[in-house]
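S.K.: Quick one: structure below, then a few questions.
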Amino acid sequence: MPKHSALERAWPAKEIVEDLLELRKRSPLTHIMTNIVVTNWTANVLLAVGASPAMVIAEEEAGEFVKIANGLLINVGTITSNDAKAMKIAATVAHQTNTPWVLDPVAVGALGFRTETTKKLLDLKPTVIRGNASEILTLAGIAGKGKGVDSTVNSKDALPYAQELSGKTGAVVAVSGEVDYVTNGKETIEIYGGDPIMTKVTGVGCSLGALIASFLGIQKDPLRASASASAVFAIAGSRSAKKSNGPGSFAINFIDQLSQLSIE
């Protein structure tokens, strides 16, 4: 793999290579319960990297499908009452069957319904919680200065609260920002890379949660799975940005880079 020195100092390239190769070999079936804004993008991201996404959201099917899935993402971005019921069923079954799952608490704290739903989902023991700094602060019980889905808090500032949240919930916590942090409360991995243009394409952050769910399907260590997924994202983001003239070309190049990411 080509040199990405800051990234490699934080997370060994060997682990990324092993996990990416295993994902491409096994193509984990990933149950995606995400928001309507990013569904198509998320599916394309997972297909590009080598996973098998399935967008099953119906209350009548959610529990049945999660039993055969290798990983589950629950993203509350455009949550409805019916979605909340289906998500609770899926998370309950995932907890009962030891299916690893990711909670993405989009804009938690900004509105009451999604906040209450997220609190209930936390009780069902997500394997990984992925969010921006404001969302992680809110979940840790801190009054963050959130403005919807964008973060006004630095990811480094949120790290102590991510560690606290991990300790409270038992989940690995992944904080997205200029530098990504992945922590299990005791060990923390820093992921460097990516590019600011990634914030100009809707769904990029949400699809990282889905990618983590896919990596959980092939890697039993949730800290390593989250770090490998974040690193793949960062590498693809950095390379795509160098080839892009703006958000439109970046979106296309990002999918291509995920698909073509070389193992050298």
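Along the chain as shown, the residues are counted starting at 1.
Every residue gets a Cβ built from N, Cα and C, even glycine.
As annotated by Swiss-Prot, substrate binding site applies to M55, G203, with the evidence given as sequence analysis. Marked as ATP binding site by Swiss-Prot: R130, S176.
Show me how these features fit into the shown structure, please.
M.R.: According to DSSP, M55 (substrate binding site) sits in a coil region rather than a helix or strand. In sequence order, I32, M33, T34, T39, A43 are the residues near M55 (substrate binding site), counting only same-chain partners six or more apart with C-beta under 8 A.
Under 8 Å, Cβ to Cβ, and six or more positions away along its own chain, R130 (ATP binding site) finds V102, L103, D104, V173, A174, S176, L208, G209, I212, S226. The DSSP secondary structure for R130 (ATP binding site) is strand.
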S.K.: Here are some binding-site residues: S176, G203. Which one has the most Cβ atoms within 10 Å of its Cβ?
M.R.: S176
S.K.: How would DSSP class G203 (substrate binding site) in three states?
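M.R.: Looking at the DSSP assignment, G203 (substrate binding site) belongs to neither helix nor strand, so coil.
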